[in-house]
């Protein structure tokens, strides 16, 4: 008779258990839908889970179809360690059971610790992990292989730096300031390098020539005083983050004060050459004209002499003829 209350209690709990099992079965993806096994996702190690409790969550999605002609890529910027949830969805008119799903990191295939599920004509795959160091940065790609392969890629990188795109021009003896910024990010440390080749040399802060200043955490400034022509080279600013480093270079061109005068001097030289050419041409023309006038004058004199001689010769016969008639 004492067993009755226990039996009644067990019978009372049975509907609740059945209801709970039904709910779990409904929420669990079935193999008939072409999904993965019951638990395709392997949880990260306990230590990483504990560390990840205080990390922010980064969730990103990529959508693909059987008609996608090009791989789809998405760039993601990370400054600090984070929990990451990547989801790819693939829509096809074919059989979802015939689609092979894989994940790769930088070309190397990942373990089967990702989730695959299907809804209607769409196949979903989800990869969850935690990025805690620079080795886990890189490219994560999901692949759907049917008749042809479709790929979606998530590119993880640290924030980019922004300097001056065009070369910075200054003059010998002046001072200049090089600036690097990181928008909406705060690096742990800044470093400046100079390079006129493939070798980068750290800028000596102890020298009076260089002054490094960082008024704000997201920017750094390098002041160079008493510029020389050999100071014209590439300068690199490097920002250190928890997940890696980022660099930006600024080109510095140092000119002497004679350089701006060169175009003016060239113009002056061209003007002088043009004026000299014009003067020589005029002098040559005048000289030629003078010779021409002298030649004409000489011809006129010769013509006059010729006319005079002809006149004298004509007068002599007439004089003789008159003498003969007089006799």
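Using N, Cα and C of the backbone, Cβ positions are placed for all residues, glycine too.
Now, the feature entries from Swiss-Prot:
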TOPO_DOM  33-260  topological domain 'Extracellular'
CARBOHYD  54  N-linked glycosylation site
CARBOHYD  61  N-linked glycosylation site
DOMAIN    71-158  domain 'Ig-like V-type 1'
CARBOHYD  75  N-linked glycosylation site
CARBOHYD  85  N-linked glycosylation site
DISULFID  88-142  disulfide bond
CARBOHYD  100  N-linked glycosylation site
DOMAIN    159-253  domain 'Ig-like V-type 2'
DISULFID  180-237  disulfide bond
CARBOHYD  189  N-linked glycosylation site
CARBOHYD  196  N-linked glycosylation site
CARBOHYD  213  N-linked glycosylation site
CARBOHYD  218  N-linked glycosylation site
TRANSMEM  261-281  transmembrane segment
REGION    287-327  region 'Disordered'
COMPBIAS  291-308  compositional bias 'Basic and acidic residues'
MOD_RES   309  phosphoserine
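According to DSSP, residue 54 (N-linked glycosylation site) is assigned to coil rather than to any helix or strand. Taken residue by residue with DSSP, residue 218 (N-linked glycosylation site) is part of neither helix nor strand, so it is coil. Here the domain 'Ig-like V-type 2' (159-253) is broken down by DSSP into helix, strand and coil counts: 3 helix, 48 strand, 44 coil. Mean pLDDT for the topological domain 'Extracellular' (33-260) in this predicted model: 86. Annotated pair residue 189 (N-linked glycosylation site) and residue 218 (N-linked glycosylation site), C-alpha to C-alpha distance, rounded: 10 Å. The separation of residue 218 (N-linked glycosylation site) from residue 180 (disulfide bond), Cα to Cα, is 9 Å. Non-local contacts of residue 218 (N-linked glycosylation site) by the CB criterion (under 8 A, 6+ apart in sequence, same chain) comprise 181, 182, 183, 184, 185, 186, 187. Looking only at the glycosylation sites 61, 75, 100, the one with its C-alpha closest to residue 85 (N-linked glycosylation site) is 61. Nearest by CA distance to residue 100 (N-linked glycosylation site), out of the glycosylation sites 54, 61, 75, 213, is 61. In terms of DSSP helix, strand and coil, the domain 'Ig-like V-type 1' (71-158) has 6 helix, 56 strand, 26 coil. Using a 10 Å Cα-Cα cut-off around residue 88 (disulfide bond), the glycosylation sites 54, 61, 75 reduce to 61.
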